[in-house]
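Participant: For SER135, the entry in Swiss-Prot reads active site, nucleophile. Annotation source Swiss-Prot lists active site at ASP190. As annotated by Swiss-Prot, active site, proton donor/acceptor applies to HIS203, with the evidence given as similarity to another entry. Look at Swiss-Prot and you will find CYS45-CYS124, CYS71-CYS85, CYS186-CYS193 tagged as disulfide bond. Feature annotation from Swiss-Prot assigns signal peptide to 1-18; the stated evidence is sequence analysis. The site 'Transition state stabilizer' feature in Swiss-Prot is assigned to SER56, GLN136; the stated evidence is similarity to another entry.
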Amino acid sequence: MVMLRSLLVSALAALAAASPIAEPADQSLEARQLGSSNDLTNGACKDVTLIFARGSTEMGNMGTVIGPPLCSALKSKLGADKVACQGVGGLYTGGLMQNALPQNTDPGAISTAKSLFEQASTKCPNTQIVAGGYSQGSAVIDNAVQQLSAEVKDKVKGVVFFGFTRNLQDKGQIPNYPKDNVKVFCAMGDLVCDGTLIVTAAHLTYTINAPEAASFLASKVQSA
């Protein structure tokens, strides 16, 4: 375990030190500057609610690599007035060491994400929920969806993962959730997707997948 933790710290330090990937120019000022979005907790109900969990060490509750670009792309697909974007904050700190835990994140992070799904369901009973997670955030969403009640889980129409840390363990899907409603993006050379905790440059390239991921989520909402 000591060796694993040492490897984890040295490998994931690259993520903390890396310069953010350039983001689309049409993102909201809030997302660009703060890496956060609280449309669900602070705003009015929308037709679609995106719940997103950022990667380790990323700023805000949406991060920078893929969270804000995904939100922006989904709003472009479905209409800015139709989509609420909500990042997972609270007890999810995005710390490095949590990646080495059995669920590849900690119980507090999972509980925080789960509560957001439940809030979307109760506060906005007519909203269609979609979700996404990057790096450690993919484990947060994966585990949270598994813990949802059948009623809430049925409202989750689609999930996208980027650099899925549980890709090998969960066979590219979320246990007990429709496989066709999950799309996993694993860049060539991203060893995180192979069941390791080794971060390579490929792990930081997922910004380019925002349009395709948004199209997938939009298709699930529109076909529901």
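Cβ atoms here come from the backbone N, Cα and C positions, even for glycine.
Let's see these features in context: how buried, what's close, how far.
Facilitator: Cβ neighbours within 10 Å of SER135 (active site, nucleophile), excluding its own Cβ and spanning all shown chains: 33. SER135 (active site, nucleophile) falls outside any helix or strand according to DSSP and counts as coil.
Cβ neighbours of ASP190 (active site) (same chain, under 8 Å, six or more residues apart in sequence): GLY163, THR200, ALA202, HIS203, THR205.
Residue environment of HIS203 (active site, proton donor/acceptor) contains 26 other Cβ atoms, counted within 10 Å of its Cβ in all protein chains.
With a 10 A radius on its CB, CYS45 (disulfide bond) counts 14 other CB atoms from all the protein chains. Classification of CYS45 (disulfide bond) by DSSP places it in coil, neither helical nor stranded.
A simple way to gauge crowding: the CB of CYS85 (disulfide bond) has 29 other CB atoms within 10 angstroms, across all the protein chains here.
Sequence-distant neighbours of CYS193 (disulfide bond): residues of the same chain at least 6 apart with a C-beta under 8 Å from its C-beta are GLY163, PHE164, ASN167, LEU168, VAL184, CYS186, ALA187. DSSP classifies CYS193 (disulfide bond) as helix under the three-state reduction.
Neighbours of SER56 (site 'Transition state stabilizer'), defined as other CB atoms within 10 A of its CB across all chains, total 23.
Residues within less than 8 Å, Cβ to Cβ, of GLN136 (site 'Transition state stabilizer') and separated from it by at least 6 positions along the same chain comprise ALA53, GLY55, SER56, GLY94, GLN98, ASN99, ASN104, THR105, ALA109, THR165.
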Participant: My understanding is the cutoff is Cβ-Cβ under 8 Å with a sequence separation of 6 or more in the same chain; which residues meet that for CYS124 (disulfide bond)?
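Facilitator: In sequence order, the residues whose Cβ lies under 8 Å from that of CYS124 (disulfide bond) (at least 6 apart) are LEU40, CYS45, LYS46, THR49, ALA84.
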Participant: Around the Cβ of CYS186 (disulfide bond), how many other Cβ atoms lie within 10 Å? Please give the count over every shown protein chain.
Facilitator: 20
Participant: Count the Cβ atoms, other than its own, that fall within 10 Å of the Cβ of CYS71 (disulfide bond), considering every protein chain shown.
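Facilitator: 27, counting other Cβ atoms within 10 Å of CYS71 (disulfide bond).
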